[in-house]
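Peer 1: My structure is below; once you've seen it, I'll send some questions.
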Amino acid sequence: MGLRRLLTPAALPLFCALLLGVCPVRSQGPEFWNDQAQLTLRKALHRQRTLNTNVAKNVVFFVGDGMGISTVTAARILKGQQAGNPGEETVLAWEDFSSLGLSKTYSVDRQTADSAATATAFFSGVKSNDDMVGLDDRAKVGDCASTFNASAESFLTLAHKAGKATGFVTTSRVTHATPAALYAHCPDRYWEDDEDVPSYERALGCTDIGSQLAENGKDFEVIMGGGRRELTSRDFIDPEYPEKDGHREDGRNIINEWLLSKPQDRSKYVWNLDDFNKVDPNETDHLIALFERSHMHFEIERADDEGGEPSLAEMTEKAIKILQKDPDGFVLAIEGARIDHAHHDGTARLALLETLSMEEAVAKAMELTNEEDTLVIVTADHSHTLTIGSYADRGNPILGLSGYEGEDDLPIPTLLYAGGPGGELEMRSYNRTGARRNLNNIDTEDLEFIQPAIIPAHDESHGGEDVAIYANGPMSHLIHGVHEQNYIAHVVRYAACLDDSRENCEASSAPPSGSLSLAVGITTFILSTIFSV
């Protein structure tokens, strides 16, 4: 069967969706599904013949904190439904990447891991124990003496040593577990400022994560996120909340220290949206932007912030435009941190909206970079216990009731958690009425609605199942199956020549990769065929 025979009227929306990701795909009978499968097969065969083996001049690494596969599926459906479609057929920005794998997220000491251990794995290439950042498993939690000679370097540090521009963007505090693993080596993820570190551990030489941002983070060109309080002293008057001060007892202002380590005429610190918007990437080589005392706001609540906050996509754009001026390339890590926070609270809608906020950032990164020389990876550190079930009809609101009832004749929502605050609400309902919550007259799409859960718990927990790894660009085919999570860092290091494991690092130009030429070739064919009909 030739490609021309596949170009039926029913298949035209399919071509548009596969190549551009913007056209709604609807069920159109067996011809549609067969054509869809054949097109996907041909794309796969072409990719196999034309692997992109270029050296990755640039790397953009996205972490959706807590973005398990069920979260991705639910966010995909929500995005489609927001556009007026059934939802299930939607394609997220990273779902058209050329390569896909799975990541095993357990840590050395936990079956279900935390963000510190997982970030250490995919940033530094070694698995570690829970609650520690930037250390291998010879270190023990809270034990300063055990950390000597146990440091694990992140690929961001290696990129700096290789002469590339570097930076990170997060919606959490910049000293929080995931970003901390990029620059800090600390036996306790909660030692974010000096007052958090026990005096006897300080006496042994351990320093807090904020201090290490000044010491090791000074090598980075861009730092964006929240967390002013961990970097400023008790006598610091916060510009956004004058009634509040910093948390540091040592009198240090890490923000100023970072700035003073940079050329003053091309370095900036901003804390609000207006000043952020005034930053000209062409005139700025170093930027530290801290938009909150603690974590940044959820995307949907940004408008309520007095100082104003940029979106994750806006921060991504600014960071790339600053870093890409370096002729040697750049490495940028970006975290959609608050997916995880919303899940812990049992608020599924917020978690899905945060996922879609990160998707916009991924789309922006793809727009600003070239897949010939830029490796883009999207993954998660761990999952959550969100489930999608109850046989809802196609197109049923993903945040709504499934249309089915339990044996107790009460409705079942499509999304549930295994445990969490929703379980506490169910327990209270049982104690009060002898039954779980009746959701018939409840707005389950309200931002503050807490999804039902089986086990009552103050916080919903992480999930221990594998998470997805999506990759596009040079050497992305190295993501190809089920991998240990620490393997991802080795792919980045190999693709970008950040260590000595690759022999052809001088050959920065290789034969053109297939994915871009394939898209251009098929698009040209489609257009010529359409206009010749």
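Including glycine, each Cβ sits where the backbone N, Cα and C put it.
Features from TrEMBL:
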ACT_SITE  Ser115  active site, phosphoserine intermediate
BINDING   Asp65, Asp340, Asp381, His382, His462  Zn(2+) binding site
BINDING   Asp65, His176, Thr178, Glu335, His344  Mg(2+) binding site
SIGNAL    1-27  signal peptide
Peer 1: His462 (Zn(2+) binding site): which of the binding-site residues His176, Thr178, Glu335 have a C-alpha within 10 angstroms of it?
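Peer 2: Those close enough: none at all.
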Peer 1: Listing them in sequence order, which of the recorded positions Ser115, Thr178, His344 have their Cα within 10 Å of that of His382 (Zn(2+) binding site)?
Peer 2: Ser115
Peer 1: Measuring C-alpha to C-alpha, could you say which of the binding-site residues His176, Thr178, His344 are within 10 Å of Ser115 (active site, phosphoserine intermediate)?
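Peer 2: Close binding-site residues: His176, Thr178.
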Peer 1: Within 10 Å of each Cβ, count the other Cβ atoms and name the one among the binding-site residues His176, His344, His462 with the highest count.
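Peer 2: It comes out as His176.
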Peer 1: Taking each of Asp65, Asp340, Asp381 in turn, which of these binding-site residues have a Cα lying within 10 angstroms of the Cα of Thr178 (Mg(2+) binding site)?
Peer 2: Asp65, Asp381
Peer 1: Other than Asp65, His176, Thr178, Glu335, His344 themselves, what residues in this chain have Cβ atoms within 8 Å of the centroid of the Mg(2+) site's Cβ atoms?
Peer 2: Val63, Gly66, Ser115, Thr170, Ser172, Ala177, Ala337, Arg338, Ile339, Asp340, His341, Asp381
Peer 1: Enter the number of other CB atoms within 10 angstroms of the CB of Asp340 (Zn(2+) binding site).
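Peer 2: A count of 29.
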Peer 1: List the Cα distance (Å, whole number) between His344 (Mg(2+) binding site) and Asp65 (Zn(2+) binding site).
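Peer 2: Distance (Cα to Cα, whole Å): 11 Å.
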